[in-house]
Amino acid sequence: MMASLALSSLPTSTTTKKPLFSKTSSHVKPFHRFKVSCNAPADNNDKTVNNSDTPKLILPKTPLETQNVDRRNLLLGLGGLYGAANLTTIPSAFGIPIAAPDNISDCVAATSNLRNSKDAIRGLACCPPVLSTNKPMDYVLPSNPVIRVRPAAQKATADYIAKYQQAIQAMKDLPEDHPHSWKQQGKIHCAYCNGGYNQEQSGYPNLQLQIHNSWLFFPFHRWYLYFYEKILGKLINDPTFALPYWNWDNPTGMVIPAMFEQNSKTNSLFDPLRDAKHLPPSIFDVEYAGADTGATCIDQIAINLSSMYRQMVTNSTDTKRFFGGEFVAGNDPLASEFNVAGTVEAGVHTAAHRWVGNSRMANSEDMGNFYSAGYDPLFYVHHANVDRMWQIWKDIDKKTHKDPTSGDWLNASYVFYDENENLVRVYNRDCVDINRMGYDYERSAIPWIRSRPTAHAKGANVAAKSAGIVQKVEDIVFPLKLNKIVKVLVKRPATNRTKEEKEKANELLFVNGITFDAERFLKIDVFVNDVDDGIQTTAADSEFAGSFAQLPHNHGDKMFMRSGAAFGITELLEDIEAEGDDSVVVTLVPRTGCDEVTIGEIKIQLVPIV
Ligand code: C2O
């Protein structure tokens, strides 16, 4: 899509934008297993967690590493503004794009049945203040923006941290009903997620607006952070101010950044509602399912990197897998088949929310529940890295990793107060280019790109050995209950595909019609040909196809929600040497919140690469 945009009305620059990920440097050794040492002495400040409480994580130097850690490279890469200004003529394909209401005073409180709503200590009245009854103006990106560079939180300097703390403090000092106040900013998330708005603007007043579990996830949160960052900059009079990002995809950033936990009494970034078990030096679990697994530091890092590989490479081979379902006006966010989260949203994004939120609170406040997540400053820093994943994903493969091009996506819009307290309407089409939006990310290595999982058991003929023992999928009566581990034999559409065939289509395993209680945290792990050899299979093993996870969020009076997931298994089958097998054994493991979950369909299909 980007390639076809005109370069006209923007200042040209002599430098070209440096991608967050460059292919040439990374594919040197695709199968190299990443080795980390959790206790080795520091030899390079850039590569260690510079907080004495946390384990020292040392990474070996690789071409990718050395290329990415140099700050000067980053600065040289700046200024490469490109993009297009004129996107107004994009036609709407079919359907009506989602639009937040013009009339923000129609917002309703998220009062309905949160599982423990009487204990919803952050309150469910999430509507924004109404400063005037004027219609929101269409927002126009500044044509010559001041560049804001978002630093990796673990590398941030003391000066930067002081400034950031000062900005958040200023937000907290504003009167509560000011649209820029810490509380109002936090409420935005609740309003857009917990039923504050409906689809009246598009003619469906009886349907709620929901920005999770679909292709609205990345753009909505990008705009949310955009204004939040500009507001903070304005509060401290520094238009170059940029939010940090929580670099959880790099071993040096896999703990809660120290700046959020130091000096709790005076630190505006501190939030008492975080899980005490997960403060530094506890290492984040990208596959977190509500309980600590006891994995060693080294194992946890390997699991995290391979899990990131599954989410960013294997399972997000195309636009739909990465962005999620194509949610348009008229779709019911509770029941529709459009209600499918992209790989990163369902994976590391949900895991971090749940891992940070305080599990002792009735609703895992703050981060563990959508209604309260916006009250933790760490939320925005977590989402900055989620946003960075969007950019990296596009940089990984410019040919097949593209933003949605449908008018229904490009013209979807949300309403925010900008940094000047103007009510503005923003469109997905204006947020596809971060340089045009005036920000960039400090480079940090992405070791997960080389963390392709390795097989537990190769060529184990699992399907053949399971014949007569494991039920065939065609003999199963759906919907299938997932209150215990489910194993099924699933036929493949083709065997021994050639390289050319693999380049034309991905083999995907679909788990469809997952029906679940929307107010519980849920996680299901999916394995292919997992053999019972007494060794636990984790995300670091090829047999792990991926997982499906959901944060609880209330949605009016219905409790059940329907969704689905897809897993790319082309590489997986290569790695376990099962390409010649005409069936595979699929194992669904209910990790948490599954006693009432049912599955509607399990199938394997070839999906053309476009
Ligand atoms: Cu709107 Cu991390 O969620």
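Heads up, the Cβ atoms here are built off N, Cα and C, so glycines get one too.
Curation plays no part in TrEMBL annotations; they are all automatic predictions.
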Whichever of Cys126, Cys127 is disulfide-bonded to Cys107 when TrEMBL is consulted: Cys127
Range among 1-24, 433-456, 529-552, 577-600 that TrEMBL annotates as region 'Disordered': 1-24
Member of Cys190, Cys193 annotated by TrEMBL as disulfide partner of Cys126: Cys190
CB within-chain contacts under 8 A for His189 (Cu cation A binding site), separation at least 6: Cys126, Tyr224, Phe370, Tyr371, Ala373, Gly374, Phe379
Separation of alpha carbons, Cys190 (disulfide bond) and Cys107 (disulfide bond) (Å): 11
DSSP residue counts for the domain 'Tyrosinase copper-binding' (376-387), split into helix, strand and coil: 11 helix, 0 strand, 1 coil
Spatial neighbour of His221 (Cu cation A binding site) that is closest, considering only the recorded positions Cys127, Cys190, His349, His353, His383 and their CA atoms: His383
Integer Cα-Cα distance in angstrom, His383 (Cu cation B binding site) to His212 (Cu cation A binding site): 13
Which binding-site residues sit within 10 Å of Cys190 (disulfide bond) - Cα, from His212, His349, His353: none
